[in-house]
Amino acid sequence: QEDSDPAVHESLSIENTLWASTVVASGTVIGVVIYTGKETRSVMNTSNPKNKVGLLDLELNQLTKALFLALVALSVVMVTLQGFVGPWYRNLFRFLLLFSYIIPISLRVNLDMGKAAYGWMIMKDDNIPGTVVRTSTIPEELGRLVYLLTDKTGTLTQNEMIFKRLHLGTVSYGTDTMDEIQSHIINSYSQVHSQNSGNSTSSTPSRKSQSSAPKVRKSVSSRIHEAVKAIALCHNVTPVYESRAGVSGETEYAEVDQDFSDENRTYQASSPDEVTLVQWTESVGLTLVNRDLTSMQLKTPGGHILTYYILQIFPFTSESKRMGIIVRDESSGEITFYMKGADVAMSTIVQYNDWLEEECGNMAREGLRTLVVAKKSLTEEQYQDFESRYNQAKLSIHDRNLKVAAVVESLEREMELLCLTGVEDQLQADVRPTLEMLRNAGIKIWMLTGDKLETATCIAKSSHLVSRTQDIHIFRPVTTRGEAHLELNAFRRKHDCALVISGDSLEVCLKYYEHEFVELACQCPAVVCCRCSPTQKAHIVKLLQHHTGKRTCAIGDGGNDVSMIQAADCGIGIEGKEGKQASLAADFSITQFKHIGRLLMVHGRNSYKRSAALGQFVMHRGLIISTMQAVFSSVFYFASVPLYQGFLMVGYATIYTMFPVFSLVLDQDVKPEMALLYPELYKDLTKGRSLSFKTFLIWVLISIYQGGILMYGALLLFESEFVHVVAISFTALILTELLMVALTIRTWHWLMVVAEFLSLGCYVASLAFLNEYFGIGRVSFGAFLDVAFITTVTFLWKVSAITVVSCLPLYILKYLKRKFSPPSYSKLTS
């Protein structure tokens, strides 16, 4: 500000940033627009989502290509048998058109309708409420997963923190001894206040004189007092009060006459850990009641308000892993520098002690997140000196961050260690049984988290991601190629042990020994990667896809999991504390981690099995009618004459067989309860045996057998009334198709029965007015379809005979197969 008398220079920092959608309440702002568009953090972290195609669709594509080759081959064979007479290439194309039913055009339509039906069933499932299917292309993928990559915070855990432990070096307080802390706090504050009121002239409480005395061991009470005060002051939390008035006009005055009542107060902070700490100090008697930019107020158990002025605040960053604050006590004028942070960062800052490292390790093994709290008393001169240097550093134009950090570090020396706090992040409901189930289903689970190694390992144990009996191999931090080589060799000697590795070591291993590392890691029952960045998570997913070729699924709840969710074959998002970013980017969105069990075991299984059956049946439907056409043409000297006229062909694929074939999407081989009780059944699916070239060839053979029987049967039995061959064979064909659907179905549903009879009804009804279509070739002007003939007994028994010959052997074969080599699921259902 040049216009004021001595020109004032101020630095611009992150504190002077107006974030998106800020409202300027008064005055004007001159500013520069920064970090927009491609420079926003969320955009830099996201990758372009790919179009996901399910494995089943790719397999069906392969089969369709095979069918196309068969079509061309069949047409060439026909023309060859004709002897290439006349314009043979024209005949070739006629055959191509006649046999074009081999290509299952209706397959895509049926499958897409099926997928929509599966999505609808998943969303309507009452056992997993709130599940949303955001993609209609890959529900079958849920039935073929081999790798599950999961985030930790908010996915396996609730992201709700609970204060569990306070350690003061000599004493440790747990949840059951918090009342002792409370009584110490009440006593110490009542003493302070009685002294203050007694001799207000020398308003120095006894503990002041004590702390300045040389090396007097403090009493436990005063140490607790200091520790709790530090936790209550060193944070970035703001208490917020809901205005009782409720009228928007009165909110401005609400601050003044507002009762700072406890039930009316909520805390707001950037991390749930901080809120937990402040809530804990409230529970033991020291309450944060107000905070603005320059001061904060604490309420003692006796109801007195203590005011502290905030002189400086050093926010938490992922580099420094700590935060600090300098406050001045209003009553005594003392200046204190408080600091809290991760043990890694704080161990070098605090005075020498013999317990911090050991206790941090103990707490991490219990699954607690640890924070070290320390303080340093400053004299007025020390603070003034610091402030001038700090402001000077903030004005520097080059390397400002480094200079500022250096000035702050000059304070961060020989600080007095106050306490160590332990906060627990609770597991979500039923995480253990769910992970157990997924492991039994043959799914390998990888946990990718940004947390530190000890916490991640501990959560892996407590959630039973790693079973208690298993060894854990913790990958030592490596930075060079040689170290990575040695460490990989050490890991190779261990069998069946879980792997824990940090993000940095992972980078090194992947740089030099990508193939070897992935091969070893894939053999592990569980892998935990800690300190992972969002891009690293996505990279691991792509590695697994590339090296194993198996299907991967990623599950997460925050914006940092989006790239991993988009990279995986199947992405699942959880709507959690961190907003809806992951759930909106995912293919499936669930509300709790435990729902993933049912989603995979029941819905994944059904979707895959049904689509496989549906796909093969639609192919069979085209093949059988093409076989009949081929037999017909062969008998009539390879004439390229259509067996069935237009409307019959259209009706065949739609109105006559559509409903029963589509009703296969309601079929299930095992009850949902069974699928959840025996997750081992899921292993069979990942081998992909429901739809393979083997099953496809079996269906091709069935089609050729049935088509041949139907056509030859019709020709043999109806030599005299040959004109009726179309009516006979077509009726037998429709019946065969309906019986085949019945043969394929494993569990009947009332809609299936309705579909079967509906189609039969449609066919019988259409016989009446489609009579001219039942002729052969172009000779269909006369009424070939005698209603009189259809109602004769001969017609009925001959049609029945053909149908029985085409279907009975298959029923017998199916019965024998179930008898002698039953599938795993039928052993359970019988």
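Heads up, the Cβ atoms here are built off N, Cα and C, so glycines get one too.
Non-local contacts of ASP151 (active site, 4-aspartylphosphate intermediate) by the CB criterion (under 8 A, 6+ apart in sequence, same chain) comprise MET447, LEU448, THR449, LYS537, ILE555, GLY556, ASP557, GLY558, ASN560, ASP561, MET564. What TrEMBL records for ASP151 is active site, 4-aspartylphosphate intermediate.
Among the features that TrEMBL reports, Mg(2+) binding site is placed at ASP151, THR153, ASP557, ASP561.
For 192-219, the entry in TrEMBL reads region 'Disordered'.
The transmembrane segment feature in TrEMBL is assigned to 18-37 (among others).
What TrEMBL records for 66-86 (among others) is transmembrane segment.
Per TrEMBL, the feature transmembrane segment maps to 92-111 (among others).
Panel annotation: around the transmembrane segment (618-640), residues 63, 67, 71, 74, 78, 81-82, 91, 94-95, 98-99, 101-104, 106-107, 110, 649, 652-653, 657, 661, 696, 699-700, 702-704, 706-708, 710-712, 715, 729, 733, 736-737, 740 of the same chain, lying at least six beyond its termini, place a Cβ under 8 Å from a Cβ of the stretch. Taken from TrEMBL, the feature transmembrane segment covers 618-640 (among others).
Summarising the annotation, TrEMBL assigns transmembrane segment to 646-666 (among others).
Taken from TrEMBL, the feature transmembrane segment applies to 696-716 (among others).
According to TrEMBL, the transmembrane segment annotation covers 722-743 (among others). Distant neighbours of the transmembrane segment (722-743): 617, 620-621, 624-625, 628, 643-644, 648, 652, 656-657, 660-661, 663-664, 706, 710-711, 713-715, 752, 756, 759-760, 763, 767, 774-776, 784-786, 789-790, 795, 798-799, 802-803, 806-807, 810-811, 814; these residues of the same chain sit at least 6 beyond its ends, with a Cβ under 8 Å from one of its Cβ atoms.
Long-range contacts of the transmembrane segment (750-769) within the same chain: residues 651, 655-660, 662-663, 666-667, 727, 731, 734, 738, 741-742, 785, 787, 790, each at least 6 residues beyond the stretch ends and with a Cβ under 8 Å from a Cβ of the stretch. What TrEMBL records for 750-769 (among others) is transmembrane segment.
Within its own chain, the transmembrane segment (789-813) is flanked in space by residues 702, 705-706, 709-710, 713-714, 717-718, 721, 724, 727-729, 731-732, 735-736, 739-740, 743, 767, which lie at least six positions past its ends and keep a Cβ under 8 Å from the stretch. Look at TrEMBL and you will find 789-813 (among others) tagged as transmembrane segment.
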Inset, instruction - Please list residues from the chain of THR153 (Mg(2+) binding site) whose Cβ is under 8 angstroms from its Cβ, counting only those at least six apart in sequence. - result: ASN159, ASP425, THR449, GLY450, ASP451, ASP557, GLY558
Legend entry - Cβ-centroid neighbours of Mg(2+) site ASP151, THR153, ASP557, ASP561, 8 Å, sequence order: THR150, LYS152, GLY154, THR155, THR449, GLY556, GLY558, ASN560, ILE574, GLY576, GLU578, ALA582
Inset, instruction - Please give the sequence-distant neighbours of the transmembrane segment (66-86): residues at least 6 beyond its ends with Cβ less than 8 Å from one of its Cβ atoms. - result: 92, 95-96, 99-100, 102-104, 619, 622-623, 626, 630, 633-634, 638, 640, 693, 696
Legend entry - ASP561 (Mg(2+) binding site): tally of other CB atoms within 10 A of its CB: 30
Inset, instruction - Specify the count of other C-beta atoms within 10 Å of the C-beta of ASP557 (Mg(2+) binding site). - result: 31
